[in-house]
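Novice: I am attaching a structure below and will ask some questions about it afterwards.
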Amino acid sequence: MIRKAFVMQVNADAHEEYQRRHNPIWPELEAVLKSHGAHHYAIYLDQERNLLFATVEIESEERWNAVASTDVCQRWWKHMRDVMPANPDNSPASAELKEVFYLQ
């Protein structure tokens, strides 16, 4: 498995709405993530700084990257763009983090 971590932001007035939209996520989005090899996907909120910290384990970079081109992912991004900063293609503005320590 490949471990990934990344950060995003959520609008200061949208913490509750962001959480509501994820509980639960759309079943078809969950199915796409799982079918593309995503496991143990978690998102944490730093309420003071409006930061989201996400971790996920993936089976391959290619399969993970392919999620972005699915119809359900495109619809999800559009659904979320009003509660968080987004790129021109509606994907969440994010930065991948480099792993510097791991204890198994």
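Placement of Cβ uses the backbone N, Cα and C atoms for every residue, glycine included.
Predicted, not measured: the structure shown is a model, and the values here were computed from it.
Here's the feature list from Swiss-Prot:
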ACT_SITE  H22  active site, proton donor
BINDING   Y18, Y41, W76, W77  substrate binding site
Novice: Give the helix, strand or coil assignment DSSP yields for Y41 (substrate binding site).
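Specialist: SS state of Y41 (substrate binding site) = strand.
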Novice: In whole Å, how far does the CA atom of W76 (substrate binding site) lie from that of H22 (active site, proton donor)?
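Specialist: Distance between the two Cα atoms comes out at 10 Å.
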Novice: Counting all other Cβ atoms within 10 Å across every protein chain shown, which of the recorded positions H22, Y41, W76, W77 scores highest?
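Specialist: Neighbour-count leader: W76.
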Novice: Can you name the residues of this chain that are 6 or more positions from Y18 (substrate binding site) yet have a C-beta less than 8 Å from its C-beta?
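Specialist: For Y18 (substrate binding site), the qualifying residues are V10, L45, L52, M80, V83, M84.
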Novice: Residues other than Y18, Y41, W76, W77 within 8 Å, Cβ to Cβ centroid, of the substrate site?
Specialist: R21, H22, I25, L29, H79, M80, P92
Novice: Reported as an integer number of Å, what is the Cα distance between Y41 (substrate binding site) and H22 (active site, proton donor)?
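Specialist: Distance (Cα to Cα, whole Å): 12 Å.
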